[in-house]
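Q: Mind looking over this structure? Questions follow.
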Amino acid sequence: MTKITNDLFLKAARKEQVDRIPVWYMRQAGRSQPEYRKLKEKYSLFEITHQPEICAYVTKLPVDQYGVDAAILYKDIMTPLPGMGVDVEIKSGIGPVIHNPIRTFQDVEKLAIFKPEIEVPYVLDTIKLLADDMLDVPLIGFAGAPFTLASYMIEGGPSKNYHQTKSFMYREPEVWAILMEKLGRMTANYLIAQINAGASAVQLFDSWVGALSRADYAKYIRPVIEMIVSEVKAAHPTTPIIMQAVGASHLLAEWETMPLDVVGVDWRETITSAREKVPTKAIQGNLDPSTLLAPAKCLEEAERILQEGVLEPGYIFNLGHGVFPEVPPEMLKKLTNYIHERSEILLKKG
(Lines of atoms letter the chains of each structure in order from A; the text may use other names.)
(Lines give C-alpha, C1' and ligand atoms only; values in the text may rest on other atoms or scores of the structure.)
Protein backbone atom coordinates (compact mmCIF):
# COMPACT_ATOMS: atom_id res chain seq x y z
CA MET A 1 0.00 0.00 0.00
CA THR A 2 1.25 3.49 -0.89
CA LYS A 3 2.30 5.43 2.19
CA ILE A 4 0.07 8.40 3.00
CA THR A 5 2.52 11.29 3.27
CA ASN A 6 -0.19 13.95 3.65
CA ASP A 7 -2.38 12.99 6.60
CA LEU A 8 -3.82 16.44 7.37
CA PHE A 9 -7.35 15.26 6.61
CA LEU A 10 -7.08 12.27 8.96
CA LYS A 11 -5.57 14.41 11.73
CA ALA A 12 -8.39 16.94 11.45
CA ALA A 13 -10.99 14.14 11.42
CA ARG A 14 -9.50 12.97 14.74
CA LYS A 15 -9.54 16.56 16.09
CA GLU A 16 -5.75 16.67 16.27
CA GLN A 17 -3.62 19.78 15.76
CA VAL A 18 -2.63 20.57 12.15
CA ASP A 19 -0.29 23.17 10.68
CA ARG A 20 -2.75 24.05 7.92
CA ILE A 21 -6.41 23.34 7.27
CA PRO A 22 -7.09 20.32 5.02
CA VAL A 23 -9.23 20.86 1.93
CA TRP A 24 -11.27 18.64 -0.33
CA TYR A 25 -14.48 19.21 -2.29
CA MET A 26 -17.58 17.13 -2.74
CA ARG A 27 -17.85 16.20 -6.43
CA GLN A 28 -14.27 17.34 -6.95
CA ALA A 29 -13.72 14.43 -9.35
CA GLY A 30 -15.28 14.91 -12.76
CA ARG A 31 -17.99 17.38 -13.72
CA SER A 32 -16.00 20.59 -14.28
CA GLN A 33 -12.74 19.03 -15.49
CA PRO A 34 -12.00 19.09 -19.26
CA GLU A 35 -10.25 15.70 -19.05
CA TYR A 36 -13.38 14.20 -17.50
CA ARG A 37 -15.69 15.77 -20.06
CA LYS A 38 -13.62 14.23 -22.81
CA LEU A 39 -14.05 10.81 -21.18
CA LYS A 40 -17.81 11.39 -20.88
CA GLU A 41 -18.00 11.83 -24.65
CA LYS A 42 -17.05 8.16 -24.88
CA TYR A 43 -18.30 6.59 -21.63
CA SER A 44 -21.33 6.89 -19.36
CA LEU A 45 -20.88 7.37 -15.61
CA PHE A 46 -21.54 3.69 -14.93
CA GLU A 47 -19.15 2.68 -17.72
CA ILE A 48 -16.39 4.77 -16.14
CA THR A 49 -16.98 3.30 -12.68
CA HIS A 50 -16.90 -0.23 -14.10
CA GLN A 51 -13.34 0.28 -15.40
CA PRO A 52 -10.94 0.56 -12.42
CA GLU A 53 -8.04 2.14 -14.32
CA ILE A 54 -10.22 4.91 -15.79
CA CYS A 55 -12.14 5.41 -12.54
CA ALA A 56 -8.89 5.64 -10.55
CA TYR A 57 -7.58 8.23 -13.02
CA VAL A 58 -10.71 10.37 -12.59
CA THR A 59 -10.54 10.02 -8.79
CA LYS A 60 -6.91 11.15 -8.69
CA LEU A 61 -7.24 14.11 -11.09
CA PRO A 62 -8.26 16.70 -8.45
CA VAL A 63 -5.40 15.65 -6.17
CA ASP A 64 -2.94 16.36 -8.98
CA GLN A 65 -4.68 19.45 -10.35
CA TYR A 66 -6.00 21.24 -7.27
CA GLY A 67 -3.68 19.99 -4.54
CA VAL A 68 -6.53 18.80 -2.29
CA ASP A 69 -5.70 16.85 0.87
CA ALA A 70 -8.01 13.89 0.23
CA ALA A 71 -9.42 12.00 -2.74
CA ILE A 72 -13.01 10.83 -2.85
CA LEU A 73 -13.82 7.78 -4.92
CA TYR A 74 -15.51 8.62 -8.21
CA LYS A 75 -18.84 6.83 -8.32
CA ASP A 76 -22.52 7.50 -7.69
CA ILE A 77 -24.67 6.81 -4.64
CA MET A 78 -26.80 4.68 -6.98
CA THR A 79 -23.89 2.32 -7.75
CA PRO A 80 -24.90 -0.52 -5.38
CA LEU A 81 -28.64 -0.48 -6.12
CA PRO A 82 -28.60 -2.67 -9.27
CA GLY A 83 -27.06 -5.34 -7.05
CA MET A 84 -30.32 -5.31 -5.06
CA GLY A 85 -32.45 -5.62 -8.19
CA VAL A 86 -33.16 -1.91 -8.69
CA ASP A 87 -33.34 -0.85 -12.36
CA VAL A 88 -31.58 2.51 -12.25
CA GLU A 89 -30.46 4.77 -15.08
CA ILE A 90 -28.51 8.03 -14.78
CA LYS A 91 -30.14 10.39 -17.28
CA SER A 92 -28.24 13.47 -18.41
CA GLY A 93 -29.82 16.65 -17.09
CA ILE A 94 -32.17 14.70 -14.81
CA GLY A 95 -30.17 12.42 -12.55
CA PRO A 96 -31.07 8.94 -11.30
CA VAL A 97 -34.26 7.46 -12.76
CA ILE A 98 -35.69 4.27 -11.24
CA HIS A 99 -37.64 2.13 -13.72
CA ASN A 100 -39.09 -0.21 -11.06
CA PRO A 101 -40.00 2.14 -8.19
CA ILE A 102 -41.00 0.84 -4.77
CA ARG A 103 -44.76 0.93 -4.25
CA THR A 104 -45.71 -2.10 -2.14
CA PHE A 105 -44.49 -4.55 0.48
CA GLN A 106 -43.89 -7.03 -2.34
CA ASP A 107 -41.53 -4.55 -4.01
CA VAL A 108 -39.54 -4.23 -0.79
CA GLU A 109 -39.57 -7.99 -0.23
CA LYS A 110 -38.04 -8.57 -3.68
CA LEU A 111 -34.95 -6.48 -2.93
CA ALA A 112 -31.96 -8.81 -3.04
CA ILE A 113 -29.25 -9.22 -0.41
CA PHE A 114 -26.26 -7.13 -1.47
CA LYS A 115 -22.79 -8.69 -1.47
CA PRO A 116 -20.16 -6.06 -2.38
CA GLU A 117 -17.49 -8.53 -3.49
CA ILE A 118 -19.94 -10.08 -5.96
CA GLU A 119 -22.04 -7.09 -7.05
CA VAL A 120 -19.46 -4.27 -7.20
CA PRO A 121 -15.98 -5.86 -7.46
CA TYR A 122 -14.97 -3.02 -9.82
CA VAL A 123 -15.48 -0.48 -6.99
CA LEU A 124 -13.24 -2.47 -4.67
CA ASP A 125 -10.66 -2.99 -7.43
CA THR A 126 -10.56 0.78 -8.02
CA ILE A 127 -9.97 1.42 -4.32
CA LYS A 128 -7.19 -1.17 -4.21
CA LEU A 129 -5.54 0.35 -7.26
CA LEU A 130 -5.63 3.84 -5.74
CA ALA A 131 -4.57 2.81 -2.24
CA ASP A 132 -1.83 0.43 -3.38
CA ASP A 133 -0.16 2.40 -6.15
CA MET A 134 -1.49 5.89 -6.82
CA LEU A 135 -2.31 8.09 -3.82
CA ASP A 136 -0.26 9.72 -1.07
CA VAL A 137 -3.37 11.34 0.44
CA PRO A 138 -6.29 9.57 2.17
CA LEU A 139 -9.00 8.05 0.00
CA ILE A 140 -12.60 8.60 1.08
CA GLY A 141 -15.14 5.91 0.25
CA PHE A 142 -18.84 6.65 0.50
CA ALA A 143 -22.41 5.47 0.30
CA GLY A 144 -25.82 7.03 0.05
CA ALA A 145 -27.73 6.83 3.32
CA PRO A 146 -31.00 4.86 3.46
CA PHE A 147 -33.45 7.79 3.44
CA THR A 148 -31.87 9.39 0.40
CA LEU A 149 -31.67 6.07 -1.46
CA ALA A 150 -35.27 5.28 -0.51
CA SER A 151 -36.42 8.69 -1.76
CA TYR A 152 -35.12 7.88 -5.25
CA MET A 153 -36.47 4.33 -5.12
CA ILE A 154 -39.97 5.44 -4.10
CA GLU A 155 -40.27 8.70 -6.07
CA GLY A 156 -38.74 7.06 -9.16
CA GLY A 157 -36.22 9.88 -9.50
CA PRO A 158 -35.33 13.30 -8.10
CA SER A 159 -38.01 15.13 -6.12
CA LYS A 160 -38.52 18.62 -4.74
CA ASN A 161 -40.78 17.67 -1.85
CA TYR A 162 -40.49 13.88 -1.23
CA HIS A 163 -44.26 13.59 -0.77
CA GLN A 164 -44.43 9.99 -1.98
CA THR A 165 -41.51 8.95 0.20
CA LYS A 166 -42.83 10.59 3.35
CA SER A 167 -46.40 9.40 2.81
CA PHE A 168 -45.11 5.83 2.30
CA MET A 169 -43.13 6.16 5.54
CA TYR A 170 -46.19 7.40 7.46
CA ARG A 171 -48.71 5.06 5.82
CA GLU A 172 -46.66 1.85 5.93
CA PRO A 173 -44.34 2.13 8.96
CA GLU A 174 -43.73 -1.62 9.18
CA VAL A 175 -42.85 -1.89 5.49
CA TRP A 176 -40.70 1.24 5.81
CA ALA A 177 -38.79 -0.38 8.67
CA ILE A 178 -38.09 -3.43 6.49
CA LEU A 179 -36.90 -1.19 3.64
CA MET A 180 -34.61 0.70 6.03
CA GLU A 181 -33.22 -2.55 7.42
CA LYS A 182 -32.42 -3.85 3.92
CA LEU A 183 -30.84 -0.59 2.80
CA GLY A 184 -29.02 -0.25 6.11
CA ARG A 185 -27.54 -3.73 5.88
CA MET A 186 -26.42 -3.04 2.31
CA THR A 187 -24.87 0.29 3.30
CA ALA A 188 -22.96 -1.11 6.26
CA ASN A 189 -21.58 -4.01 4.20
CA TYR A 190 -20.69 -1.65 1.35
CA LEU A 191 -18.79 0.79 3.57
CA ILE A 192 -16.95 -2.00 5.38
CA ALA A 193 -15.93 -3.53 2.04
CA GLN A 194 -14.58 -0.16 0.88
CA ILE A 195 -12.46 0.17 4.03
CA ASN A 196 -11.27 -3.42 3.67
CA ALA A 197 -10.15 -2.55 0.13
CA GLY A 198 -8.11 0.45 1.31
CA ALA A 199 -10.36 3.48 1.93
CA SER A 200 -8.97 5.63 4.78
CA ALA A 201 -12.36 7.16 5.69
CA VAL A 202 -15.99 6.86 4.62
CA GLN A 203 -18.78 9.37 4.15
CA LEU A 204 -22.52 8.83 4.41
CA PHE A 205 -24.37 11.09 2.00
CA ASP A 206 -27.89 11.74 3.28
CA SER A 207 -28.51 14.51 0.81
CA TRP A 208 -32.27 14.83 1.23
CA VAL A 209 -32.85 13.91 4.89
CA GLY A 210 -33.25 17.61 5.71
CA ALA A 211 -36.81 17.21 4.37
CA LEU A 212 -37.70 15.45 7.63
CA SER A 213 -38.47 16.99 11.00
CA ARG A 214 -36.20 16.07 13.88
CA ALA A 215 -39.02 14.03 15.44
CA ASP A 216 -39.54 12.03 12.24
CA TYR A 217 -35.80 11.55 11.86
CA ALA A 218 -35.52 10.19 15.40
CA LYS A 219 -38.43 7.80 14.85
CA TYR A 220 -37.96 6.58 11.28
CA ILE A 221 -34.28 7.10 10.37
CA ARG A 222 -32.03 7.28 13.41
CA PRO A 223 -32.23 3.54 14.23
CA VAL A 224 -30.85 2.51 10.83
CA ILE A 225 -28.09 5.14 10.88
CA GLU A 226 -27.05 3.96 14.35
CA MET A 227 -26.95 0.39 13.05
CA ILE A 228 -24.78 1.34 10.05
CA VAL A 229 -22.33 3.42 12.07
CA SER A 230 -22.10 0.83 14.85
CA GLU A 231 -21.37 -2.00 12.40
CA VAL A 232 -18.71 0.00 10.56
CA LYS A 233 -17.09 0.99 13.86
CA ALA A 234 -17.17 -2.61 15.10
CA ALA A 235 -15.26 -3.68 11.99
CA HIS A 236 -12.95 -0.64 11.77
CA PRO A 237 -12.88 1.28 15.08
CA THR A 238 -10.31 3.87 14.02
CA THR A 239 -11.62 4.69 10.53
CA PRO A 240 -13.30 8.12 10.44
CA ILE A 241 -16.98 8.22 9.48
CA ILE A 242 -18.41 11.46 8.07
CA MET A 243 -22.12 12.35 8.01
CA GLN A 244 -23.07 14.79 5.26
CA ALA A 245 -26.53 16.21 4.61
CA VAL A 246 -28.03 19.36 3.10
CA GLY A 247 -30.42 21.67 4.93
CA ALA A 248 -30.21 19.49 8.01
CA SER A 249 -28.90 21.80 10.74
CA HIS A 250 -31.89 20.82 12.89
CA LEU A 251 -30.48 17.26 13.00
CA LEU A 252 -27.01 18.10 14.30
CA ALA A 253 -27.93 17.25 17.88
CA GLU A 254 -29.01 13.78 16.72
CA TRP A 255 -25.55 13.16 15.23
CA GLU A 256 -23.74 14.41 18.31
CA THR A 257 -24.91 11.32 20.19
CA MET A 258 -23.83 8.84 17.50
CA PRO A 259 -20.30 7.37 17.10
CA LEU A 260 -19.59 9.56 14.07
CA ASP A 261 -16.25 11.35 13.75
CA VAL A 262 -17.02 14.23 11.38
CA VAL A 263 -20.23 16.12 10.63
CA GLY A 264 -20.58 18.09 7.40
CA VAL A 265 -22.61 21.30 7.48
CA ASP A 266 -23.86 23.55 4.71
CA TRP A 267 -23.88 27.34 4.35
CA ARG A 268 -27.09 27.69 6.38
CA GLU A 269 -25.09 26.95 9.55
CA THR A 270 -21.96 28.71 10.78
CA ILE A 271 -18.94 26.68 11.85
CA THR A 272 -19.14 28.24 15.32
CA SER A 273 -22.81 27.35 15.73
CA ALA A 274 -22.20 23.81 14.46
CA ARG A 275 -19.44 23.31 17.02
CA GLU A 276 -21.82 24.27 19.79
CA LYS A 277 -24.29 21.59 18.61
CA VAL A 278 -21.73 18.82 17.95
CA PRO A 279 -18.86 19.62 20.36
CA THR A 280 -17.34 16.14 20.22
CA LYS A 281 -17.20 15.95 16.40
CA ALA A 282 -14.91 17.42 13.80
CA ILE A 283 -16.68 19.85 11.45
CA GLN A 284 -16.54 19.80 7.65
CA GLY A 285 -17.82 22.56 5.36
CA ASN A 286 -19.36 24.87 4.53
CA LEU A 287 -18.81 27.18 1.56
CA ASP A 288 -21.83 27.76 -0.66
CA PRO A 289 -20.74 26.25 -4.03
CA SER A 290 -22.52 29.08 -5.85
CA THR A 291 -19.76 31.44 -4.70
CA LEU A 292 -17.30 29.51 -6.86
CA LEU A 293 -18.89 31.34 -9.80
CA ALA A 294 -18.24 34.71 -8.10
CA PRO A 295 -14.48 34.70 -7.33
CA ALA A 296 -14.30 37.79 -5.11
CA LYS A 297 -17.25 36.64 -3.01
CA CYS A 298 -15.79 33.13 -2.86
CA LEU A 299 -12.54 34.27 -1.27
CA GLU A 300 -14.39 36.66 1.04
CA GLU A 301 -16.58 33.82 2.30
CA ALA A 302 -13.61 31.45 2.52
CA GLU A 303 -11.82 33.94 4.76
CA ARG A 304 -14.85 34.30 7.02
CA ILE A 305 -15.23 30.53 7.30
CA LEU A 306 -11.52 30.05 7.95
CA GLN A 307 -11.54 32.61 10.75
CA GLU A 308 -14.04 30.36 12.55
CA GLY A 309 -12.53 27.08 11.43
CA VAL A 310 -9.06 27.67 12.85
CA LEU A 311 -10.32 28.48 16.35
CA GLU A 312 -10.39 24.83 17.43
CA PRO A 313 -8.84 21.55 16.21
CA GLY A 314 -11.08 19.38 14.09
CA TYR A 315 -11.96 21.43 11.02
CA ILE A 316 -11.94 20.38 7.34
CA PHE A 317 -12.64 22.94 4.62
CA ASN A 318 -15.21 21.82 2.07
CA LEU A 319 -18.35 22.98 0.32
CA GLY A 320 -21.85 22.70 1.71
CA HIS A 321 -22.82 20.67 -1.38
CA GLY A 322 -21.16 19.44 -4.57
CA VAL A 323 -19.14 21.29 -7.22
CA PHE A 324 -21.26 22.54 -10.13
CA PRO A 325 -20.28 21.55 -13.70
CA GLU A 326 -19.94 25.25 -14.58
CA VAL A 327 -17.19 25.89 -12.02
CA PRO A 328 -13.83 26.69 -13.68
CA PRO A 329 -11.17 24.19 -12.52
CA GLU A 330 -8.72 27.05 -11.97
CA MET A 331 -11.09 28.48 -9.34
CA LEU A 332 -10.83 25.29 -7.29
CA LYS A 333 -7.05 25.40 -7.52
CA LYS A 334 -7.01 29.06 -6.51
CA LEU A 335 -9.33 28.39 -3.56
CA THR A 336 -7.27 25.40 -2.39
CA ASN A 337 -4.08 27.46 -2.44
CA TYR A 338 -5.82 30.28 -0.58
CA ILE A 339 -7.08 27.96 2.18
CA HIS A 340 -3.68 26.32 2.59
CA GLU A 341 -1.67 29.55 2.66
CA ARG A 342 -4.09 31.62 4.70
CA SER A 343 -4.83 28.92 7.28
CA GLU A 344 -1.13 28.35 7.84
CA ILE A 345 -0.75 32.03 8.72
CA LEU A 346 -3.82 32.04 10.97
CA LEU A 347 -2.78 28.87 12.81
CA LYS A 348 0.70 30.25 13.45
CA LYS A 349 -0.84 33.36 14.98
CA GLY A 350 -2.79 31.09 17.31
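Each residue, glycine too, has its Cβ placed from N, Cα and C.
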Q: Quick check: of SER207, SER213, SER273, which does Swiss-Prot put in the same substrate site as ARG27, GLN28, ALA29, GLY30, ARG31, PHE46, ASP76, TYR152, HIS321?
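A: Among SER207, SER213, SER273, only SER207 appears alongside ARG27, GLN28, ALA29, GLY30, ARG31, PHE46, ASP76, TYR152, HIS321 as substrate-binding in Swiss-Prot.
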Q: Where does SER207 (substrate binding site) sit in the DSSP three-state scheme?
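A: Once the DSSP labels are grouped into three classes, SER207 (substrate binding site) ends up as coil.
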